[in-house]
Amino acid sequence: MLAYRIKMARLNKGWSQGKLAENLGKTRTAVVNWETGYATPEASTIAKIAEALEVEREWLIDTSNDEFEKMEMHLEKDKVATNMTNAEKIGARLRYFRKRKGLTGEQVAASINIARPTISGYESGRREPNFETLILLSKLYGMSIDQLLECNMADDVSFSVESEPWIFEILAANQEKKNAIKKIWETIRDL
């Protein structure tokens, strides 16, 4: 979840990966690796990331499995889509469907007979897959190419971070506030 949370907080602040890297005195590649889960920042860097992005450090590193976790992963798509190039949008979709299938980048690369760094390039938006590769990926993920490129990853969520910015505030809140909100929700739900 750290990778998703860094990305969500960065996008909520309106920063590019380069701007975050510059603010931290790190390379853009380091930020890309953190956001894709290929690397994990050191503890001291996590504290600096939290400070720079104005979120709680505990929220960045929280590994609890509460009901906000699933919503958070789905909401990422809505926020990401507004700030991304087409290649990055395609990459986000490819990464989402790979993870939804429970596959690693290595497994996908082996299944369609291409190099692992190529998959990484597609998922990060540095490269775009050709039509032949899209056919192979769509078969692997069990969907049409159109579904792969156009489907709504958050189709079970009827709101977005753009239309409901308070959602991000809830996700970024400290655990005490999340617990209070959860109790309020449970009271409303049980009415």
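For all residues, glycine too, the Cβ spot is worked out from N, Cα and C.
Per TrEMBL, the feature domain 'HTH cro/C1-type' maps to 6-60 (among others).
The average pLDDT for the domain 'HTH cro/C1-type' (94-148) in the predicted structure is 88. Taken from TrEMBL, the feature domain 'HTH cro/C1-type' applies to 94-148 (among others).
For the domain 'HTH cro/C1-type' (94-148), residue counts in helix, strand and coil come to 39 helix, 0 strand, 16 coil, using DSSP.
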